[in-house]
Amino acid sequence: MKALSLRELEAAARALLEPGIHDLFAGGSEDEVSLRANEDAFARVGLVPRVLRGRGAPRLDTELLGCRASLPIVLAPTAFHRLAHPEGERATARAAAAAGAIFTVSMASTTAIEDIAQAGGPLWFQLYLQPDRGFTEALVRRVEAAGCKALVVTVDSPVFGRRERDLRNGFMDLPPGLCCENMRPLGPDGERGPARSIAFSPTLSWADVDWLRELTSLPIALKGVLHPEDAKRSLDSGVDALFVSNHGGRQLDTVPAPLELLAPIADAVGDRLPLVLDGGVRRGTDALKAFALGARAVAIGRPVLWGLAVGGEAGVAHVLSLLRSELERALALCGCGSADDASPELLHFSRWEPRWRTS
Ligand SMILES: Cc1cc2nc3c(=O)[nH]c(=O)nc-3n(C[C@H](O)[C@H](O)[C@H](O)COP(=O)(O)O)c2cc1C
Ligand SMILES: O=C(O)C(=O)c1ccccc1
């Protein structure tokens, strides 16, 4: 039976996945306060539709970091797709390409970027800047050669968040036969060396972003910027976009939902930087709320893994098709002809108190 919603797909994936893998995907850090906050934030904002605006069937196509996309929903970088399905990132990439969606490949992908690029769709590449600049530079060249259109530098991980589900389950590393394929340095004849582990470095600073800016002409997005002062600071480093993200509640716990932090960031950067929001986007209405608060696009993490687990390429295609039709419907019901038509006037923030008629 085909899932009618991402909620149904989540339940189907849970039933199929080995519990430890399910927890690895589903979990957040520490008390999972941020994890819960992400979805809750969308439920707490209401939509107040405008009527009779005659905007016609909504258009979803957009351009982001020089990439055309058929919808403003990006696949967020998530590690280890081959734990969800044997075809892993190849299946994800084929589904994204067929849907005209941008796929952000994780540095921790279990398929090499060159193999993922075979699918032919628009790709961005997510990078954890490594203290070994020589390695980072070689990887950037590799990613450029593979045809990736942008780098997404994750800046919310100076250390790895404490994921207590994984500690309890004893998930330590990938099983034999799987590794982070992009962490295997290429030799002179393209042969792949042993995989290095990904370093998370608390010494990274804006100077490293400046270094990367000099190194490549690819557009650069910073992922995990949540403070308006950091958003402003990023304007000085020549970056091209920001992902407003709390890493799906997997890094610092008790960070508020990105949806709640979006407006001040949009104020801080104005029209100078496009914003991509991720965390808890499960419905077309969620995406619409993010657009109304200043996001140019949203990104989805876990739903892609649910789709993969349930149906490989077809499962991911189903995720994208559900969200596409939900977003079209939400826009039409709000009287919007495109995501650009969404504005805060559509939003209702409840401070509801009963007021009784007394006379
Ligand atoms: C299993 C899993 C693996 C992830 N791996 C990465 C990663 O390798 N790099 C990264 O920047 N973010 C990673 N993220 C965070 C996502 O890019 C994204 O910020 C988050 O999943 C969005 O929230 P959502 O899952 O509620 O849609 C991962 C998230 C999950 C759930
Ligand atoms: O799980 C994550 O959130 C994540 O970012 C990650 C990064 C590297 C390896 C495994 C997971």
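Keep in mind that glycine also has a Cβ here, set from the backbone N, Cα and C atoms.
If you check TrEMBL, you get these features:
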DOMAIN    1-352  domain 'FMN hydroxy acid dehydrogenase'
BINDING   77-79, S106, Q126, T154, K223, S245, 278-282, 301-302  FMN binding site
BINDING   Y128, R163, H247, R250  glyoxylate binding site
ACT_SITE  H247  active site, proton acceptor
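Features as recorded by TrEMBL, highlighted on the structure.
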residue	record	DSSP class
P77	FMN binding site	coil
Q126	FMN binding site	strand
R163	glyoxylate binding site	coil
K223	FMN binding site	strand
H247	glyoxylate binding site	helix
G280	FMN binding site	coil
R302	FMN binding site	helix
Overall pLDDT for the domain 'FMN hydroxy acid dehydrogenase' (1-352), taken as the rounded mean: 97
Binding-site residues whose CB lies under 6 angstroms from ligand 2, from P77, A79, R163, R250: A79, R250
Rounded inter-Cα distance in Å - R250 (glyoxylate binding site), A79 (FMN binding site): 13
Pairwise Cα distance for A79 (FMN binding site)/Y128 (glyoxylate binding site) [Å, integer]: 12
Alpha-carbon spacing, Q126 (FMN binding site) to H247 (glyoxylate binding site), which is rounded to whole Å: 13
Candidate nearest R302 (FMN binding site) in space, where candidates are the binding-site residues Y128, R163, H247 and distance is Cα-Cα: H247
Glyoxylate site span - longest C-alpha distance across Y128, R163, H247, R250, in Å: 19
Surrounding CB atoms that lie within 10 Å of the CB of R302 (FMN binding site), all protein chains: 20
Of Y128, R163, H247, R282, binding-site residues neighbouring ligand 1, Cβ under 6 A: H247
Pairwise Cα distance for R163 (glyoxylate binding site)/K223 (FMN binding site) [Å, integer]: 20
Proximal but sequence-remote residues of the same chain as H247 (glyoxylate binding site) (Cβ under 8 Å, at least 6 apart): T154, D156, S157, G161, G224, G279
Neighbouring C-beta atoms (10 Å sphere around the C-beta of P77 (FMN binding site)): 24
